[in-house]
Amino acid sequence: MVLMVRILFAGLFIGLVFSDPSPVQDYCVAVTDSETYIPCKNSSLVTIEDFMFYGLNATAEFNDAGQAIVSVNVNTFPGLRTQGVSLARADYKAGGVAVPHVHPRAAEVVWVLEGTFLSGFIDSEERVFSKVIQKGDVILIPRGLVHFHKNVGDVQGTILGFYNSENAGRSTFRDTLFGCEVKEEVLEKDLGLSAEDISKVLIRGRKLNLCGKGEAGSSASPN
């Protein structure tokens with residue numbers, strides 16, 4: 001109960017600073033099963049279940065980097081639409097990492113529930129701000145800046161991330177640069193790599209062919 005109160009308090013706190021446009025109605029529950037592009041569920045059909053999310057207490061499947069994410073954004077929780085807030089739970093095996101990435105539409109408040117992490121971000125002047133954080137610590141990641149997390153402890157660890165957007169977005173260097181249809185000559189010039197080197201770039205053991213998407217069977221992390 002105490003944990004849930006803290007989570008709700010943190011969510012309300014970050015929700016005070018809207019990144020998304022401010023709502024003009026009480027709520028707008030997203031319609032996810034319609035082909036008519038109606039943005040909001042009919043208010044007469046809205047129930048308390050539209051404002052509930054279940055499963056944040058469970059660990060998701062770990063990826064190759066030793067990270068397991070449960071994303072709670074408008075795509076998985078329709079009641080968040082227009083509320084300017086979302087969150088995610090991330091579990092890490094010992095040595096697990098969140099590879100450098102950005103959230104283009106939101107700042108992130110990271111709260112350590114269990115474990116010890118090296119967390120930090122890089123600003124536009126290429127300065128690195130990082131610190132080892134432990135259970136109970138909170139770190140702020142400014143919006144749009146490259147950041148990372150690594151479990152530097154000996155046991156599994158867990159963090160919660162809170163975002164001031166209903167859908168913060170996520171973009172990694174490797175996915176966007178090597179996964180998009182960027183001309184090889186551009187990458188050769190910028191990175192000093194040969195075309196052969198670039199062709200060998202792999203993500204999760206598969207060569208990329210579309211922006212952020214691997215060959216059949218590969219998928220990008222939702223957060």
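Glycine residues also receive a Cβ, built from the backbone N, Cα and C atoms like all the rest.
Predicted automatically and left uncurated, TrEMBL annotations should be read as such.
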Bond partner of C40 - disulfide, per TrEMBL - picked from C28, C180: C28
Binding-site residues (H101, H103, H147), the one with most neighbouring Cβ atoms at 10 Å: H103
Between C28 (disulfide bond) and E108 (Mn(2+) binding site): CA-CA distance (Å): 23
Non-site residues, in chain order, whose CB comes within 8 A of the mean position of the CB atoms of H101, H103, E108, H147 at Mn(2+): V102, F121, I141, L145, V146, G161, A168, R170
